[in-house]
Structure formats: structure tokens, C-alpha cells
Amino acid sequence: MFARRIAVVGTGYVGLTTGACLASLGHRVVCADVDSLKVARLRAGQVDILEPGLAELVVEGQAAGRLEFVVGAAAAVREADVVFLCLPTPMGVGGAADLSAVESVAAEISEVLPYGTVIVTKSTVPVGTSARVRALLGREDVAVVSNPEFLREGTAVRDFLHPDRIVVGSDSPSAAERVAALFAKLGAPTVLMDAASAEMVKYAANCFLAMKLSYVNAVAELCELLGADIESVSEGMGYDKRIGQSFLKPGPGWGGSCLPKDTHAMVQIAEAAGVDFGLVRSTIEANVRAQMRVVDKVRVACGGSLAGVRIGVLGLAFKAGTNDLRDSPALAVAEQLVLEGAELTAFDPEVTGPLAGMLLVDDPYQAVKGAEAVVLLTDWPVFRTLDWVRVAELMDGHTVVDSRNHLDADALERAGLLHSGVGRASLGVTQFS
Ligand SMILES: NC(=O)c1ccc[n+]([C@@H]2O[C@H](COP(=O)([O-])OP(=O)(O)OC[C@H]3O[C@@H](n4cnc5c(N)ncnc54)[C@H](O)[C@@H]3O)[C@@H](O)[C@H]2O)c1
Ligand SMILES: O=c1ccn([C@@H]2O[C@H](COP(=O)(O)OP(=O)(O)O[C@H]3O[C@H](CO)[C@@H](O)[C@H](O)[C@H]3O)[C@@H](O)[C@H]2O)c(=O)[nH]1
């Protein structure tokens, strides 16, 4: 079934990907944003976020007459059969999700929605939000459907077009079927359920992923202390199909625009239901510990104090493949290094400054020049192929803290550098203490 017209409100990572991909599937899509400059750039085919394939789809969709961009939600929904809400739900007071954008758009469009429109919340929203949106709309003829999005930044288009599953939840089964039909061409397993369950799936999935990462980071710490190697341990665990190989890489903590805010929101959701979700709280606490362990390694490499010490930083984005700095663990590590008096010179291939507390340079060799220690925080491929002999010559000290086991330890050691990885006894912080 092809909708007469789909409206997408919010043209960020999720909204723009949803709009452009639905247009590529043959639907007619109008995307709206409050940011008029962004809308003007999108009309000109300019996409600000780093997402392979997205700009091409934006250009193709507009050329084919299937994709339009307008300012303001009301303008987009006037002729829509289905309206996707892809609005921000950032961490609000006390950690709960801030629903103000979703609520204000619901109020803004309630009177202009055509009869029988289906509203779809694609934003990550707490259980009960579909019901709340329905109440705010105050329209008996409008059904609300929850369709959580599982795409990852950096692979948004691929993830949207080849999803592991599609979750569609509504208390109106016919509205859920109508939304599921929009994705029929993708041929993905589609799970229909009630609205509350669909809203819960998203938080449950993200918290599970965060828990898996905190767990692996905690095991990595033990490996350092007990003489085991996390790379072998992860491989040995991951062959068990119940565990799986993915999401087992240790690092400087997990970050990004979703896992941190969604774990905090889950703790609040549980608290509101009278439950102390200790597992998720510990997952968050363990993440701070993983970040601070990187700081410990850098401090130890610098002889016990960071006051007035030059540190070279490789990578600032929360993971490779994106220029998104939201809740990046690299920034948390950098902030603590600065708090302890370090002077940071940083390089990230996709991040441009200025950034508070550090000097951002446009070449990795400039970042390591004169550094007492270097710390790698983002797993950009370009860091693997640095000329380590040149790095060794440029540095004042000789330790490279590799918080993601991303570098070739042998290549560094051949260049006379000390590679301090994660979860490896011979290379971890214990070596220096
Ligand atoms: N980023 C991801 O990888 C990802 C993946 C899955 C789910 N999500 C969830 O999807 C939602 C959106 O996330 P995002 O990363 O796309 O956000 P984003 O910040 O990249 O984009 C949000 C967009 O909404 C626009 N906007 C804000 N208020 C508006 C209004 N009143 N009317 C019209 N437009 C408005 C903003 O200008 C911005 O362009 C969040 O709930 C997030 O948790 C994000
Ligand atoms: O083995 C791993 C995998 C990831 N990470 C870190 O975990 C964080 C999150 O990574 P990733 O999940 O790839 O990033 P996002 O793009 O934020 O995607 C997550 O958050 C989205 C928003 O909710 C969801 O849609 C996705 O399914 C979910 O993976 C990053 O800091 C990564 O460096 C690791 O340290 N080790």
C-alpha cells in the first residue's frame, strides 16, 4: 500500500533518513523542520550530517518529485495520511526524557490533520507517550502508532533499508497494519504489538546494548589485573550464538546521542513505576568507571600527575564514522584530563573546532607533537596507518594509551613506543603502577 502522502516532522538523523528512505521506496514524502536554514540547505541537496548515501537519496527524491522540505510541522501534515514524529527527546531534568518537542508538535498539528490520519512516534519515548499524544491531539479519528527506530549513526541509510526487524505497536491494530505496510518492500521481520510494548522495546534494547558494553569493559578491567586478554576472551565468548560477536569491543565507555540518555530515562521510567532498576544504574556507573580508567592510564604514563603536561588526543567523535560529539566518551575523558591540569592538542578527521579546553588541529602529527603521552579515543581507521616512527620522533614521552585496542601494538613497539591497550595484562595500567 502506498500512502497518498507521508509527513516526517524533524529532519535530524532519524527524520531525514526516514523521509529520504521512504521516498526511495516510492512514497511521496514531505519533511518538516523548525530550522529554516536547514530546510533551505536540504532543498539545495546539502546534508550536514555524515551519513553515507543520505545526500544522494535527498537529491534523487527531490528530482523525482517524491521528496519535499518545508518549514514547520503544520505545513507538512495538511495532506498527510501518515505523520512520522522524529523529534528530539533529550535527557531532561533528573534524567527523564524531555518530551516537550513531541508535545508541542502534537498541539501544533492537532487541528490541521486531515480526517483519519495516523500519527507515528519514531522518536524514542517512554511507555505511555502514544496515549499522551493521543490525548493531546484530542481527535477520535486519529490513531497513534509507535514505530521505534533502531538505526545507528554512520550507517543510518543501510540500517533503515536493511533492518534486523521492524517494530510497530498500536492499540489500533488497523493503524499498525497501515504503518507496517509502508515498509513491506523491505521484507524485514515485522513485529506487531500494543503501543506500550513497542515503546518499551526501544529502551529495553538500548539498555541491553549498554549493559553488554559495560559488562565487557568491566571484564576488560579484570583481564588487566589477572593476566588475561580481553580480545581472546571476547572471541571465546562471542562464538556462543546466545552471546554473539558484536558489541563486545572494550573502549573508553559507550556514548552518543542515544545510549546515555536512554539508560538514564529507563532508570526514571522504572523509578516512576516504583522500581529501582539497579542493573541499569550500575551499567551507567560502570561506564563512568571505564572513562576514568583511561584517564588513570594517561596519568600513570605521565608519572602520576597531569598538571601542565601536554597530551595528544586522537579522536573526539563518540565512535568512528560520525562527526557527532553528543555525549562522546572522548569528551568526558578530555574534560577530566583538562580538570587535572593537562594541556590537550586534539585531532579528529571529521570534527572541526573550536572546542573548549583544547586546541583542535587538522593533522594527527600536529596533535602528538611535544606530547608527554598520546591517547586514542575514537576508532578512526586512519589512526591505524600513522607513521609511528614519525610519531615517536615528534612526542616528548613514549606512551600511547589505546583505549579501544585499535592500533597495531607491534608497529608501535617497533617504533620504540609503549602501547597501553585495554584488557591486556602486559599492556594495561597495572604495568605502570
Ligand atoms: N540519532 C540516532 O541514531 C537515533 C536512532 C534511533 C532513534 N533515535 C531517536 O529519534 C529521535 C530523534 O533523534 P535524532 O538524532 O534524529 O535528533 P536530531 O537532533 O538529529 O534531529 C531532530 C530534528 O528535529 C528538529 N525539530 C526540533 N523541534 C522541532 C519542531 N517543533 N518542529 C519541527 N522540527 C523540529 C530539529 O531542528 C532537528 O533537525 C530521538 O528521540 C532519538 O532518541 C535517534
Ligand atoms: O563493541 C562496541 C560497540 C559499540 N561501542 C560504543 O558504543 C557506543 C554506541 O555505539 P552504536 O550503538 O554503534 O551507536 P549509535 O549510533 O548511538 O546507536 C545506538 O543508539 C541508537 C539510538 O537509539 C540505536 O538506534 C542503535 O540501535 C544503537 O546501536 C559508541 O560510543 C561506541 O564506540 C563500543 O565501545 N564497543
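Just so it is clear, glycine is given a Cβ too, placed from its N, Cα and C backbone atoms.
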Co-listed NAD(+)-binding residue [TrEMBL; alongside Asp33, Lys38, Thr89, Thr124, Glu153, Arg326] among Lys241, Lys249, Lys261: Lys261
Of Lys202, Lys369, residue recorded by TrEMBL at the substrate site of Phe150, Leu151, Arg152, Glu153, Phe247, Leu248, Lys249, Pro250, Gly251, Gly255, Lys319: Lys202
Cα-Cα distance linking Lys202 (substrate binding site) and Thr89 (NAD(+) binding site), given in Å to the nearest integer: 13
Neighbourhood of ligand 2 - binding-site residues from Arg152, Glu153, Gly255, Lys261 with Cβ under 6 Å: Arg152, Glu153, Gly255
Three-state secondary structure, which DSSP defines for Leu248 (substrate binding site): coil
Residue counts (helix, strand, coil, in that order) that DSSP gives for the domain 'UDP-glucose/GDP-mannose dehydrogenase C-terminal' (312-409): 29 helix, 19 strand, 50 coil
Other CB atoms, at most 10 A from the CB of Lys202 (substrate binding site): 26
Top Cα neighbour of Lys38 (NAD(+) binding site) in the set of binding-site residues Arg152, Pro250, Gly255: Arg152
